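Written below as structure tokens is the structure these notes are about.
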Amino acid sequence: MAIKEEETREPLMAVEDGSGDHESSREHPWMGREHPWMVYFSTFVAVCGSYEFGTCAGYSSPTQTAIREDLNLSLEQYSLFGSILTFGAMIGAITSGPIADYIGRKGAMRVYTAFCVAGWLSIYFAQEALALDIGRLATGYGMGAFSYVVPVFIAEIAPKNLRGSLTAANQFMICAGVSVSFIIGTVLTWRTLALVDLVPCTVLIFGLFFIPESPRWLAKTGRQKEFEATLQKLRGKNANISHEAAEIQDYITTLEKLPKAKLLDLFQRRYLRSVIIGIGLMVCQQFGGINGVCFYTSSIFESAGFSGSLGTIIYAILQVVITGLGAIAVDRVGRKPLLLVSGSGLVLGCVLSAISFYLKVHDLSLQAVPILAVTGILVYIGAFSIGMGAVPWVVMSEIFPINIKGQAGSLATLVNWFGAWLCSYSFNFLISWSSYGTFILYAAINTLAILFIIVVVPETKGKTLEQIQAAINV
């Protein structure tokens, strides 16, 4: 069996010789002649789920005062409302992979959209804390599930020369959703904002009727005619899909010879490297402090003597712009260089922030404290947005073979959401322990992340999913 598997995989590696765009054109004749408009349209529909993710994450910040006043909530009750979102997301992460494997990527997105719709309606009609919490938990479930299925769906439909940028659009739309919620939440009532946040759900519900299913999922489930028709639709009616279809089908056939993967099978030697890469990148993304900095940006600026509201607006705009630039660059520069630049910027931002708080605590050069703090936080946010925000999701969607993608993707997404909760929960405790010590700790974690990226993470730019997975999972 090992010999047959090697024979199947060998051609997948041989086609990639690093000769750039010319080689891509020879390998996939449809490139350059057919405009993949269906890929773009399908991506647009899918990233409405990413935008919905952003609206869920950004809802509680601008609405806190109004909800507490209208429903007479205590600080503890509102804190539960804010934090229960993460627990819903962790449940969504656990179930997202198996559901997407069982009913398909499109079917899964329909289910998660229904949870978000029910959640927003529960929030809109809420008259007391329980209805708010139920709605928040439901939107959290949808948000956590979308964080897995959207990048996976995009990676499975996109050609290799567009896959990085289109998958990175996932993170761009999350940032856009958060930023728009921050801005319009200041002028709309909290109930109206809940209704507005139903708009991406509506687009997603109707859009799913007009886009194809993932061809790789169709191939995995044995729907050969649908697989070929869908791949043809995505690549263009006159495109030659024979090479790509054969490559996908050969790899699926190889995987079908293996036993059905269970959770513990992820830690077999065959899959261990891809699991370490996927989970490791999620640890690097979350434990470097992003959610603590994100959730408490305003208070960080205020504690350093800078306007919290102005700082938050600058932060929101910078995040969207830099994330967009990163999405454009990921297929040109590559995944690994962006991660290394991002990690280096995170370390620099943490060091600048640590210096500013050290000076403030010890009453040294107080006139420099606000400038250093603002510069440090903005460098940190910009660095995260250029790489560490989007690229781990891009790589996660690329490295897992389709027979373990559900279990492995769910595990990586769960680790991500657990890290998000732990970072946001511990941030205030760390800041009260030592403001500058907190950022020194984050700088150290981000330094370790750089070492992990250098040693463990491969470059996946310009390769098909089958080539990537065959190289990693040997």
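Yeah, the Cβs are placed from backbone N, Cα and C, and that goes for glycine too.
Quantities reported herein were computed from a predicted structural model and do not represent experimental measurements.
Among the features that TrEMBL reports, compositional bias 'Basic and acidic residues' is placed at 1-10. TrEMBL lists 1-27 with the feature region 'Disordered'. Residues or ranges marked as transmembrane segment by TrEMBL: 37-60, 80-100, 107-126, 138-158, 170-188, 194-211, 271-290, 310-330, 337-359, 371-396, 408-427, 439-457. Marked as domain 'Major facilitator superfamily (MFS) profile' by TrEMBL: 38-461.
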Beyond the flanks of the transmembrane segment (170-188) by 6 or more, those residues with Cβ under 8 Å of it:
46-48, 50-59, 61-63, 150-151, 154, 196-197, 200, 312-313, 316-317, 319-320, 323-324, 326-327, 385, 389-390, 393
Report, as numbers and ranges, which residues of the same chain sit near the transmembrane segment (107-126): CB under 8 Å and 6 or more residues beyond its ends.
46, 49, 52, 56, 71, 92, 96, 99-100, 132, 134-143, 145-146, 149-150, 153, 191, 194-195, 197-198, 201, 204-205, 208
Surrounding residues of the transmembrane segment (194-211) on its own chain - C-beta under 8 Å, 6+ positions past either end:
38, 41-42, 44-46, 48-49, 51-52, 55-56, 59, 106, 109-110, 113, 116-117, 120-121, 123-124, 135, 177, 181, 184, 188
Listed stretch, out of 138-158, 271-290, 310-330, 337-359, 439-457, that has the most CB pairs under 8 angstroms to the transmembrane segment (408-427):
271-290
Find the average pLDDT over the domain 'Major facilitator superfamily (MFS) profile' (38-461) in the predicted model and report it.
88
